[in-house]
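Noted in TrEMBL for the protein shown:
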type	residues	note
ACT_SITE	ASP92	active site, proton acceptor
ACT_SITE	ASP272	active site, nucleophile
BINDING	ASP92, SER93, GLY94, GLY95, PHE96, ASP146, GLN193, GLY222	substrate binding site
REGION	253-259	region 'RNA binding'
REGION	277-281	region 'RNA binding'
Amino acid sequence: MAQFELLARCPTTRARVSRLTLAHGTTMLPTFMPVATQAAIKGLSPQQVESLGITLILNNTYHLNLRPGTKVLSEAGGAHKFQGWNRNLLTDSGGFQLVSLSKFTTITEEGALFSSPFTGEPTMLTPEESISIQHAIGGDIIMQLDDVVSSLTPDRARVEEAMERSVRWLDRCITHHESSGRKTTQNLFAIVQGGLDFELRERCLTQMIERKDKVAGFAIGGLSGGEEKDIFWRVIRQCAEKLPEDRPRYSMGVGFAEDLLVCVALGVDMADCVFPTRTARFGIALTRRGPVNLRLAKYAQDFMPIDSECPCPTCVEGMSRAMLHHIITRETSAAQGKSNVIFNRSAVHSFTAVTIHNITFQAQLMGGARDAILNGTFPTYLRTFFATYFEDVGYPEWCVNALRSVGVDLLDGSTVKIVSGSGAKWE
């Protein structure tokens, strides 16, 4: 059974540090979870991931159910042994695929009827089946199956239907999980739905909190789908303020650095996203001054590492931006020109190098937040990060508003301008 211990609270914001102990060890919160969709972070071994200080990763239930399938996973002794990962593992429920693969999906009260993207074979994913699959995978944290709709859906009736169904499906997940005899090793999280409608979110929160004693934690779902950031942070705040203090809070699908720190300040403990690893494969390196697009010609003669202060092997060993630019733009293009499938070794190495850096960046970002909360300096940590990250483009207005709501004014003593919109920084 999960042990959740609060260690410190920020006296200004709602940020907190806690220790989450699961069957495969301890994870310090707040944390960012890299996504190993098909039981692997592309280009990295489990040992490499663990060496970067990562103690909790995410596997995708939908994909692992299709391939290699629960029979193989069960025979292997679960996904930990299958992929050689000895630390903590969270499995999603497959609910997100109800949105991302909506053209292949029919939702009923029984569950979600999929057409396999590989064979076209129809597959029914029920709440009970989702839990059974996650039991076979062996995640330390497993997620309820929820009825997910796009955050941009204008149909309030459909959002309400999905929210109410998610509560009913939670009850079915709880019943199935409790009858399985796995409660001592696998921990079920509920997922709060309700779209961008504050009244629906409130109703969902109330109903799910009533089931608090049946779940080990709570996730905030149905966001990060392209909604306006000014609404995003307000929904996060609403949920984090009401969710129980003695349970971890998980914001699903959040990966941008500014989003992560705002969520932490609002009281979120966990987040996941494919962003740092997927962008690495496109040659984008994350740094304290913003993303670095290593494909750009200006890096062809830049002999500095990605970040001279980064402790990752890519930076410490001195691999230059110029070298990464050379491999990413030339070697990959050459390999793709010969084959649409086969990448040469140097191209793969470049993606691995950037992936290692990006995962380390996320880990350092959240580790720095934990240290600052413990030391009572989290507001200063926020001001320093945002000033460094956005000094050349301006603070996103939504970030300013979100942090003001918890007592941190980024404009206090700052000359950095404010910009409207998402403010996401790209190069």
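Even glycines carry a Cβ here, placed using N, Cα and C.
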Original post:
What number of additional C-beta atoms lies within 10 angstroms of the C-beta atom of GLY222 (substrate binding site)?
Top reply: 33
Original post:
When you look at ASP92, SER93, GLY94, GLY95, PHE96, ASP146, GLN193, GLY222, which the record names as binding substrate, what is the longest CA to CA distance in angstrom?
Top reply: 15
**OP:** Let me know the model's mean pLDDT on the region 'RNA binding' (253-259).
**Re:** 98
Subject >> Inter-residue C-alpha distance, SER93 (substrate binding site) and ASP272 (active site, nucleophile) (nearest angstrom) >> reply: 14
**OP:** Specify the count of other C-beta atoms within 10 Å of the C-beta of ASP146 (substrate binding site).
**Re:** 31
Subject >> For GLY94 (substrate binding site), nearby residues of its own chain (Cβ under 8 Å, 6 or more apart in sequence) >> reply: ASN60, THR61, TYR62, ASN65, ALA112, LEU125, SER130, ILE133, LEU145
